[in-house]
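**Q** Can you read through this structure? Questions will come right after.
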Amino acid sequence: MKMSQEAKKTKLYSSRVVYVCDLLLFKECDKIPNICGRAILVHNLIRAYDLLSHMHLIPSEPASEDILLSFHSRNYIEFLQKVEESSDLENHEEDLLEFGLAYDCPLVEGIYKFVQSIAGASITCAQVLVDGLARIAINWCGGWHHAQRDEAEGFCYVNDIVLAIHKLREKFSRILYIDFDLHHGNGVENAFSFSPHVMTLSLHKYEPGFYPGSGGLSDVGLGQGRYYTVNVPLKEGVRDDNYFTIFQSIANKVWSTFCPNAVVVQCGADCINGDPACGFNLTPRGIGRCIENVLAWNVPTLFLGGGGYNLPNTARCWTYLTSIILGLQITSSIPDSNLDFMCYSPDFELDIVRGNRSDLNTAEDMKHLTETICSEYHHT
Ligand SMILES: CC1(C)CN(C2CCCC2)C(=O)N1c1ccccc1/C=C/C(=O)NO
Ligand SMILES: [Zn+2]
């Protein structure tokens, strides 16, 4: 049967990697406190390594009110719209607090437009995967995993991940969410804790008093979703080999039992050595090995950003991960054509080496975690 032009075009894209390239989005993303300037730094480094020419660049569409309401409450969304219009914020004090817009989620200028833009980028990527226009999509401005249905949390104002997974559910029946961020992906886990269609797997630092405090080993999901929530609580200082070994064991078990037909990966870079969050002792190569495992599954996959407070290191990490996703070898010396070249001093190297701090996760800890988690499947 002769292939139509449209089908040929779609066929062509299906092996492609789509990358959200939108200067307006980068500008909005740079409004987020603590990571101001990060979005364009990441993009500039990816461009300096000439990786853009290997990807299909797409602009981002802002999310409509209806799409935002597919997860967030009407109260929360209408409050964001109201606050954007009003100039006198004084008498909104208690409302701001009620919707989490304080402390680590201070009000940002034009907050509703900001939320539409941030959410829209990940949803645009999900739409590309649903339409079969590509097998892989990347949005380093996404990954805001703490936002809850009716409030901002942990400097996440909108849960773009939940909205993107909701969009993917239009076509895919079993979606695996993997969260490599240093912090537990509580917002995404909460949204799907009752669902057997979305399995959430989060590896994170877990110790008394460490934010957000959820994501313990016994946190396995609820009701129909029991055993579709997987948490890997780790002590501080974890290194590449321990991390990759436990990820590989769990990921392969999840692959063979859950058989996902789509994957969403949150690549928060605050787990990398040198981040001020100072939690784990990983390097981009360690995370790179984990995503190589995911890429080998060959199912539609969406890659998102997340935390990452050492801005040059976050740019190094996500540029390296982009090269892994593209299957390209890139040099470790930062191209001096890069606009922000001086940010990468004193080494001007892409590689981030691990620190000397010890890995508090003992071999017994890792064995216990692996056995407990991998044995869970006898119940289902
Ligand atoms: C204020 C920032 C966002 C910045 N920050 C950096 C700056 C210095 C050390 C780590 C935090 O720990 N923060 C937080 C504060 C309160 C609640 C959550 C977070 C972070 C969440 C996160 O990264 N999720 O993936
Ligand atoms: Zn984080």
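Including glycine, each Cβ sits where the backbone N, Cα and C put it.
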**Q** Given that TrEMBL annotates Asp181, His183 as divalent metal cation-binding, name the residue from Asp88, Asp270, Asp275 that shares the site.
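**A** Looking at Asp88, Asp270, Asp275, the one TrEMBL places in the divalent metal cation site next to Asp181, His183 is Asp270.
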**Q** Select one of Asp95, Asp104, Asp365: the residue that TrEMBL places in the substrate site alongside Gly154, Tyr309.
**A** Asp104
**Q** List the other residues in this chain whose Cβ sits within 8 Å of the Cβ centroid of the divalent metal cation site residues Asp181, His183, Asp270, in sequence order.
**A** Leu182, His204, Gly268, Cys271, Ala277, Gly279, Gly306, Gly307, Gly308
**Q** I'd like to know which of the recorded positions listed (Asp104, His146, Gly154, Asp181, Asp270) lie near ligand 2, counting only a CB under 6 Å away.
**A** Asp181, Asp270
**Q** If you compare CA-to-CA distances from Gly154 (substrate binding site) to each of the recorded positions His146, Asp181, His183, which comes out shortest?
**A** His146
**Q** Can you tell which of the binding-site residues (Asp104, Asp270) has the fewest other C-beta atoms within 10 angstroms of its C-beta?
**A** Asp104
**Q** When a 10 Å sphere is centred on the Cβ of Gly154 (substrate binding site), how many other Cβ atoms does it contain?
**A** 21
